[in-house]
Amino acid sequence: MYPTLPSMFVSNNACSVPSSFWLTGIPGLESLHMWLSIPFGSMYLVAVVGNITILAVVKTERSLHQPMYFFLCMLAVIDLVLSTSTMPKLLAIFWFGACSIGLDACLVQMFFVHCFATVESGIFLAMAFDRYVAICDPLHHTSVLTHAVVGRLGLAALLRGVFYIGPLPLLIRLRLPFFRTQIIAHSYCEHMAVVTLACGDTKVNNLYGMGIGFLVLILDSIAITASYIMIFRAVLGLSTSDARFKTLGTCGSHICAILVFYIPIAVSSLTHRFGHNVPSHIHILLANFYLLIPPILNPVVYAVRTKQIRERLLHIIKSGTQHKDM
């Protein structure tokens, strides 16, 4: 049976300084939490295994030590952090009713979720730049995208995420010490889900959150789109259709990964902003899916569409089978 709320978490509409919060999991579907743990646990396991496999394959295969695959490894690490920031706690809620989370732990979780989503967007932007140089200026690709430059681009994406998202939990900690209730109607400490519970003026928090969303999602997607417009113009200038098809094929995995990342976020954001008649559990499920779908599909997309990774995986599988038969 799903646990009842302790009296310390029950709201009486009086503002107080909380030491912890109570996450409800998927509100409205409490009776199904044990069943929901099966698909969520399975998806998390697939995400962890898939991304660790990508990291292992790129590390062991020297022919994959190229900018595109280094960026793919960065995506794998980010996806592991994103999914691990939320899924273990969600599964603990499903399995054990472990809904309580300390205030500092809640703010740390908030930081990791929003920070690494921002970092992932930055890595996609860096990958678009890599594809642009590879196709529009192929003779200088190796000299422009050196290992040091790739490392700096990854570090820049990380620092941008920390710089953008760092103030979010700090603004809550410093500006909003009092809360009407300690019950967060969500499965993790999402920024707006926490801010809406606070007493006092939340305008600064709301405006900052919306501003960061604009800077990251809108500007990054515009920059990526501009890169691909220039890429497509260069591809259309190629002499044969085979050359055009082969060149576009090198961008296919990246385009699929971008769509996998941005579409769930866009759907979740639009539903949250404008879907006022949408049940709350749909909002929460969408918010969890956009943290799970990219970590699951990114390894699949690159394993299926990238010949070198696919061949290396098949070689590992064959070697393991032959070793068992001996």
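Note that Cβ sites are derived from N, Cα and C of the backbone, with glycine treated the same way.
If you check TrEMBL, you get these features:
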- 32-57: transmembrane segment (TRANSMEM)
- 50-302: domain 'G-protein coupled receptors family 1 profile' (DOMAIN)
- 69-87: transmembrane segment (TRANSMEM)
- 153-172: transmembrane segment (TRANSMEM)
- 212-236: transmembrane segment (TRANSMEM)
- 248-270: transmembrane segment (TRANSMEM)
- 282-304: transmembrane segment (TRANSMEM)
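Beyond the ends of the transmembrane segment (32-57), by six or more residues, the same chain brings 2, 25-26, 64, 72-73, 76-77, 79-80, 83-84, 87, 90-91, 93-95, 288, 292, 295-296, 298-300, 302-303, 309, 312-313, 316 to within a C-beta distance below 8 angstroms of the stretch. Contacts between the transmembrane segment (69-87) and the transmembrane segment (282-304): present, as 3 or more C-beta pairs lie under 8 angstroms, all at sequence separation of six or more.
Among 212-236, 248-270, 282-304, 212-236 has the largest number of CB pairs under 8 A with the transmembrane segment (153-172).
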